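Visitor: According to Swiss-Prot:
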ACT_SITE  33  active site, proton acceptor
MOD_RES   33  N6-(pyridoxal phosphate)lysine
BINDING   129, 301  substrate binding site
ACT_SITE  253  active site, proton acceptor
């Protein structure tokens, strides 16, 4: 079997969820969209369900996958519904839905639901993606609040620049949301991962932690709060070949690395098709049997190469750790000019092993 794999620590996942609850002082929906940011939505939801207040996903397909796996906790559709027919599935499977467009509000007002629906009404406070204008937001609340098919309303918005701790935009959004939602008797939801980790003055009834659940830092630098996060995913493989190169010999496509000294090269079974960033620069650190070694040469589809010259004990079969407790995925993403979100969600073909939960079992694969 090819040795590349992702190990998922479910106890670290639970720790990060508890941290989100503690920082928020509120209920929290665990965001498990995009296959739990590449960690496996079903195993992660199963591990969190005994203590989670609920879950959030992007769309109904992701919600139904959780329901079919036996998840009974509340599940919120963050993008709401795309077709009117989905409303019957939402009611049938006891899902919660966001209403973020005038079309969704009209559809909810006209829907004869077999059971009252819990709706999260979304205001655009400055993200300018999904969300109702302040005027439409107030009108939608007035229109929906007394309808028999609406069980309750939660008022929400989404922070656009909370990962920039010196940016005033977050406070401006919070004020705009408070001014519009003031006087509306309903629970509120404002804080995402950076909002929880970096903006303690913000308050809401429901938080929506996503990236932080998986132990990744949304900020360029560590803070007192982000230092408490535990990485959930460890990306590992092994050395599959070792060769010695003389001075002047290149490594990999495009000869991006040329040996300036006699160089001992280790070939690792891990490439960009596995989700490792293709444009990771020379010198990017990896751990080989616990010792830091630099990446050399361009990352290929299925392989990458590291400099073992200063680690003479390393040989074929040595364990290579690409990210996890060290190196962390956040600094790696910054070094490669991508986001941690993109790296974590990009692991499409790797098998995953799970530790830290008797409910799920020790090993599960994609």
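Here the Cβ of each residue, glycine as well, is placed from N, Cα and C on the backbone.
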Visitor: For residue 253 (active site, proton acceptor), what is the secondary structure state per DSSP, taken as helix, strand or coil?
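Guide: Helix, per DSSP.
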Visitor: Given a separation of at least six residues and a C-beta threshold under 8 Å, show me what packs close to residue 129 (substrate binding site) in the same chain.
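Guide: Once residues fewer than 6 apart are set aside, residue 129 (substrate binding site) is near 158.
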Visitor: Among all the protein chains here, how many other CB atoms are within 10 A of the CB of residue 33 (active site, proton acceptor)?
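Guide: Around the Cβ of residue 33 (active site, proton acceptor), 19 other Cβ atoms lie within 10 Å.
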Visitor: In Å, rounded, how far does the Cα of residue 253 (active site, proton acceptor) sit from the Cα of residue 301 (substrate binding site)?
Guide: 11
Visitor: If you run the three-state DSSP split on residue 33 (active site, proton acceptor), which class comes out?
Guide: helix
Visitor: Roughly how many Å lie between the Cα atoms of residue 301 (substrate binding site) and residue 33 (active site, proton acceptor), rounded to a whole value?
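Guide: About 26 Å separate the Cα atoms of these two residues.
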